[in-house]
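Novice: Can you read through this structure? Questions will come right after.
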């Protein structure tokens, strides 16, 4: 096998709580993460030497500035791969959007290289490498519905929440995760998610309960600077969403809809706006 193609799925947060800040500067989180159907296409191929990263979108860094390059480099060092690797990314997930697009690409590179070079590494090994690349990469390797704790590396599987209809909206701003966390004041968080209630709703497939109780503590920081996030949340609710929330550090916002028809109607109502819009599903 000389090449392999993988789907790199985006993620949303169904909740996001920040518990505290560690001495090393990292924040302790407790959040529910969910894969969605929206994805990049990542093609990995063997080449004579070196690592080459290419992307069909000019604003996505190529070469060593791309997280996928870092993932490939770590794989080559860990498993002493002597030949080279070429990585082509067909970008569909918006960048700097709180959707783990870069992490998803890196996870695809780790999984793809394991298969392409017949490394036979188990998932735990791959996740260990992923952890060195970025906090969201281990989740992107596993995918599905997960409770994420620690700095994002402790993952506990939750029953699948697949097939839920989502409308995803990305305004024309990019948000730095580092900036959001550095401006988060833990003593000013007034509303935290009831994570146990949300997990119970997932177990019971109670979409309404989950949608109405989703909470992301980072919204307080990001919305203060980008009021458009609140506008999108309100617009999704006006168009029939059962609930809406910012994903990750933003600025993407999603709404949960009762059925595909309602999601498509909301998408039609939004798609001619100045925002990027997607109709998708949890997987």
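Placement of Cβ uses the backbone N, Cα and C atoms for every residue, glycine included.
OK, Swiss-Prot features for this one:
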type: ACT_SITE; residues: 11; note: active site
type: BINDING; residues: 94, 95, 96, 97, 98, 99, 100, 101, 102, 103, 104; note: ATP binding site
type: ACT_SITE; residues: 136; note: active site
Novice: What is the separation, in Å, between the Cα atoms of residue 94 (ATP binding site) and residue 11 (active site)?
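Specialist: Approximately 11 Å lies between the Cα of residue 94 (ATP binding site) and that of residue 11 (active site).
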Novice: Work out how many Å separate residue 98 (ATP binding site) and residue 11 (active site) at their Cα atoms, rounded off.
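Specialist: Taking the Cα atoms only, residue 98 (ATP binding site) lies 8 Å from residue 11 (active site).
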Novice: Pop the Cα-Cα gap between residue 102 (ATP binding site) and residue 136 (active site) into the table, whole Å please.
Specialist: 9
Novice: Taking the center of the Cβ atoms of 94, 95, 96, 97, 98, 99, 100, 101, 102, 103, 104 at the recorded ATP site, which other residues in this chain have a Cβ no more than 8 Å from that point?
Specialist: 10, 93, 248
Novice: Here are the binding-site residues: 96, 100, 104. Which has the lowest count of other Cβ atoms within 10 Å?
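Specialist: Each of the binding-site residues 96, 100, 104 was scored by Cβ atoms within 10 Å; lowest is 96.
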Novice: Judged by the number of other CB atoms within 10 angstroms, which among 94, 98 is the least packed of the binding-site residues?
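Specialist: If we count Cβ atoms within 10 Å for the binding-site residues 94, 98, the smallest count is at 94.
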Novice: Rank aside, I only need the closest one: which of the binding-site residues 96, 100, 102, 104 has its C-alpha nearest to that of residue 11 (active site)?
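Specialist: Ranked by Cα distance from residue 11 (active site), first place goes to 100.
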Novice: Enter the number of other CB atoms within 10 angstroms of the CB of residue 102 (ATP binding site).
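Specialist: The answer is 27.
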